[in-house]
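What follows is a set of notes on a single structure, which appears directly below.
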Amino acid sequence: MHSTNLLLEEPIRMASILEPSKPSFFPAMTKIVGTLGPKSRSVDTISSCLKAGMSVARFDFSWGDAEYHQETLENLKVAIKSTKKLCAVMLDTVGPELQVVNKSEASISLEENGTVILTPDQGQEASSQVLPINFAGLAKAVKPGDTIFVGQYLFTGSETTSVWLEVSQIKGDDVVCVIKNTATLAGSLFTLHCSQIHIDLPTLSDEDKEVIRKWGAPNKIDFLSLSYTRHVEDVRQAREFLSKLGDLSQTQIFAKIENVEGLNNFDEILQEADGIILSRGNLGIDLPPEKVFLFQKSALHKCNMAGKPAVVTRVVDSMTDNLRPTRAEATDVANAVLDGSDAILLGAETLRGLYPVETISIVGKICAEAEKVFNQDLYFKRTVKHVGEPMTHLESIASSAVRAAIKVKASVIICFTSSGRAARLIAKYRPTMPVLSVVIPRLKTNQLRWSFTGAFEARQSLIVRGLFPMLADPRHPAESTNATNESVLKVALDHGKVSGVIKSHDRVVVCQKVGDSSVVKIIELDD
């Protein structure tokens, strides 16, 4: 296993830890995905979330209908315009998730050593004696002695709000369980997780397909979070489905690894998916506690070497109800960054948490501090060694741009790209400075109308560590041919100056295509 990329060669002066951090336009290189819900769906709150550092908005269809989420999305669009901050949209599928709907929303008290029946009869009311579930095949999937976890949707892991059950007997379609700990289940939706048991339900359900078709396609979602990805075929089938929905052929698929099946098929899934979400909540139930860190470090390393974004979930659960994270959570966020995470995904913390904006802000600050002690030199050498020789042309250009930027202490790398691939390859080498990804739009036609590409590519870089996109004006050349022409490069430099990442006399590394050649050049700015 590869060690954490922590810079320890230079002794840190302990008193320097107490010095205030310098303000920055970019809160952190590590991106933050926020789940929008009851506590975070107003225009004002979303605007504050964007300013605090949220770059991807997640819409979770495990609860709420399309109309509810559409209202939230419209508020997001207003917030984007008012803050002038780009934000991508992620749709999270339900998949083969086992659920208990608590129609009355009354709290359900369960006592240790008592019994409760899990039944597929959804006509029954949820109570301390019976929990109706959405899966008729549970009695055939489990056996006496198996463990089942039940918690509030997006559970925080608190033993007082979640319960462990042990299967004691099967009665027809019903499963009788012994309660292992006293708990009170609160809320309208509970989820069940059967430890290391195969659930015979499709990864992309008919309900998921309907939501994608009727909500995802009209809204041109940037990412599809494929819940409970178990096999590489799950990703292929989802991609085939998206390819038939017009613009969604460009939507990136992030495979959500939530159980042992996904873990066992991780390498094949990684090759096919556009990115990976490590769903540590459910996976933490399937794995022994002492093995969770090993999975995280190994999975993140594999994602890094493949150059695919990796997202870590469940980091500051306690901030759902508290203004500050625990010491363990603060350390966990930092370690996720040092392990190689591209983004941190916040679930309950922003969906129903009391402090969504503060949570995003604090997580961003922790990420920024961790990035300062990331051993980029060690990481760079390891990545180059893994890529091997001969490198592809694009890989060689990307690694050279990063090495040059570090050697000359450049303040930023500017990369001109159409597909976004060149910028993502630069980000793969984890430069210590921001990468300004200037997306050059391309004109395309279907014989009936013209349209520009580029918006998808720009937004999809919002989940990649260190990439900050801007859409270029297609009327301007990539570089001016004379002093009077306004070039895209000048616009990019001006954007960097306004953002505060570029100052007078700074050095900037530019990566662009000139004719058929790819060029890396270093420019030094005048006053």
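One-based numbering along the chain as shown.
Backbone N, Cα and C define each Cβ position, glycine as well.
Cβ environment of ARG58 (substrate binding site): VAL33, GLY34, THR35, LEU36, MET90, ASP92, SER225, LEU345, GLY347 lie under 8 Å away, each six or more residues apart in the same chain. Per Swiss-Prot, substrate binding site is recorded for ARG58, LYS256, GLY281, ASN282, THR313.
Proximity of SER62 (K(+) binding site) to non-local residues of its own chain (separation of 6 or more, Cβ distance below 8 Å) is seen for ASP92, VAL94, GLU97, GLN99, TYR153, LEU189, THR191, given in sequence order. The K(+) binding site annotation in Swiss-Prot covers ASP60, SER62, ASP92, THR93.
Sequence annotations record features per position, and here Swiss-Prot assigns ATP binding site to ASP60, PHE61, SER62, TRP63 based on similarity to another entry. In this view, TRP63 (ATP binding site) is surrounded by 19 other Cβ atoms within 10 Å of its Cβ, with every protein chain counted.
The feature Mg(2+) binding site is assigned by Swiss-Prot to GLU258, ASN282. Packing around GLU258 (Mg(2+) binding site) is summarised by its Cβ count: 27 other Cβ atoms lie within 10 angstroms of its Cβ, all protein chains included.
Its Cβ taken as reference, LYS256 (substrate binding site) is surrounded by 30 other Cβ atoms within 10 Å in the chains shown. The feature site 'Transition state stabilizer' is assigned by Swiss-Prot to LYS256.
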May I ask which of the binding-site residues THR93, GLU258, GLY281, ASN282, THR313 is closest to PHE61 (ATP binding site) if we compare their C-alpha atoms?
THR93
Out of THR93, ASN282, THR313, which has the highest number of nearby Cβ atoms, where nearby means within 10 Å of its Cβ, if these are the binding-site residues?
THR93
Could you tell me the C-alpha distance between GLY281 (substrate binding site) and GLU258 (Mg(2+) binding site) in angstrom, no decimals?
8
List, in sequence order, those binding-site residues among ASP60, TRP63, THR93, GLU258 whose Cα sits within 10 Å of the Cα of ASN282 (substrate binding site).
GLU258
Between ASP60 (K(+) binding site) and LYS256 (substrate binding site): CA-CA distance (Å):
13
To the nearest Å, how far is the Cα of ASP60 (K(+) binding site) from the Cα of GLU258 (Mg(2+) binding site)?
16
